[in-house]
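According to TrEMBL, the protein has these features:
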TRANSMEM  B:12-32  transmembrane segment
TRANSMEM  B:38-57  transmembrane segment
TRANSMEM  B:64-85  transmembrane segment
TRANSMEM  B:91-111  transmembrane segment
TRANSMEM  B:156-175  transmembrane segment
TRANSMEM  B:205-228  transmembrane segment
TRANSMEM  B:240-267  transmembrane segment
TRANSMEM  B:279-299  transmembrane segment
Amino acid sequence: MSRLLQVEHVSKIFGGLKAVEDVSMHVEEGELVALIGPNGAGKTTLFNALTGVSPATEGSVTFNGVSLDKKKPYQVAKMGIARTFQNIRLFHQLSVRENLQAAMTHRYKEDFVSSILRLPTFTKKEALVNGWTDEILAKLDLSDVGEMITANLPYGTQRRVEIARAVASDPKLIFLDEPAAGMNPEETADLTDLIRRLQSEFGLTVVLIEHDMSLVMNIAERIYVLEHGKLIAEGTPAEIQNNQAVITAYLGGGIHV
Amino acid sequence: MTKKKLQANGLWLLVMIVGYLAINLLVYTGVVDSFIENMLVTIGINIILATGLNLIIGFSGQFSLGHAGFMAIGAYATGIILQTVPTVGGFVGSIVVGIIIAIIAAIIVGVPTLRLSGDYLAIATMGAAEIIRVVINNMKITNGAAGLFNIPQFATWPVVYVLVCVTTIVIVNFAHSRAGRAIQAIRDDEIAAEAVGVNPTKWKLAAFVLGAATAAIGGSLHASYIQTIAPSDFGIMNSIALLIIVVLGGVGSMTGTFLAAIVLGVLDTVLQSFGTLRMVIYAVALIVIMVFKPSGLLGRYEFSFAHVLNRHKKEDAA
């Protein structure tokens, strides 16, 4: 195992509010790590800082040996970090197939002249891209809805398409921001299976934000707990379940008589 | 798959050639007089301008109101060059020069303004077009507010027809390629597009520049067909007239742009006998269409021979 992501002393300050304060964490290649914490703990803010959406105020992030500081989100994505969003952000006027292909634009080149004149090189590239798309659609059970406009799909399927789109950008590391939010138990079970497959079948490293504790405890290999922007605990699911600081954060402190 | 695509492309080619021959025949037999020919050329030029604008507004989602500015650049490039070199070569050269200047102007305008969106971008691009107009209004070479006249006429209807086909092919093929998927992704959700490796600045600028280049072609044809141009021909109302074509046809539908340009062109010509009532009826027609079809005549529908062929195959099988 080698270290894929190294986060050192990252802080994100909005005016007087320290949303994320001095967080250091690491993710090994092939790991499945969860990031949990009460609402407003700064989990999504940390994701945004790591992916360049809103850069960290302090600290440094290294991915695969390369610094991510001052990298724009699309540059971070090209380096191999994909993400999904807490509130689904699909390209809603496009079909599922086009959503996936829009995520592949950095994986191949297509020059202006050959695409305008529809030269053989263009046809070959399009066939290649369609092949990649078919493969991902088949693996994620989305072949049936491939040509549907994503705005018309049910919620659970939209979540799945968003994960498929992240996979389509050919990442090494994938950030999932509350993938089970709003799902019924059945859909959550499917999702659990899907996340496991991302790790085993696609060889991805997964970092997961989630409130559904049964899901987290079920699949995470290691858990980080964030509260009020600070890291309060780190460990295996069993360790976290018995950690006093975590219990206090979620359930409140004991009553001292 | 590829065979079907070839069939569809062949059909399009057939449509283009048949269209050309049909109009030629009608002109030859005298069914199409100079009055109707004028209408056809105006429709053609409007199609060139509006498809470019639809690429910017409908596909890349940027609300630009500066199209007339880029049209003016093409028109003046052709006007000035044709007055000194009144040959076919001069005409072709002037279109190329117009495109190049429009591209440079689009980059200068686009880099700072394309980080804006919605109404703010509309105002910024409107301002940029106004700057272009005012500059032309105050230059010696453009003959100031009086404009240029007696520009030799090279933009006959066959030239316009061919250029309508060429610009449409370029824009539609651009929209259905890697570039098209990138700009549509940015239109739907810029943050998500960036998160999957799409550089928004680059692709937005690409769509804007291509739209500006086609506007310059439209301007060149306008100058050489009408033969008289003045800065007041390229004001904000002209940008809005093009916007009306795009919105009426359906934002994001090239077929709709064609249909709207034709409907409005015919309406405009038919109503000429109504005199002053013309603009009233025109406006009422617009309101009626927008009330009953708010997403435009065709919405986002796109006519495609490939789909028609597919449907045919399925029906045969059934």
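The backbone N, Cα and C atoms fix where each Cβ goes, and this holds for glycine too.
Predicted, not measured: the structure shown is a model, and the values here were computed from it.
For the transmembrane segment (B:12-32), the list of distant contacts is 40, 157-158, 161, 165, 305: same-chain residues at least six beyond its ends, Cβ to Cβ under 8 Å. Long-range contacts of the transmembrane segment (B:91-111) within the same chain, counting only residues at least 6 positions beyond its ends with a Cβ under 8 Å from a Cβ of the stretch, are 66, 69-70, 73-78, 80-82, 85, 125, 128, 132, 152, 154-155, 201, 204-205, 208-209, 211-213, 215-217, 219-220, 224.
For the transmembrane segment (B:64-85), same-chain residues at least 6 beyond its ends with a Cβ under 8 Å from one of its own Cβ atoms are 49, 52-53, 56-57, 91, 93-95, 97-99, 101-102, 105-106, 109, 121-123, 125-133, 136, 141-142, 148, 150-152, 154, 208, 211-213, 215-220, 222-224, 229, 231, 233-236, 238-240, 242-243.
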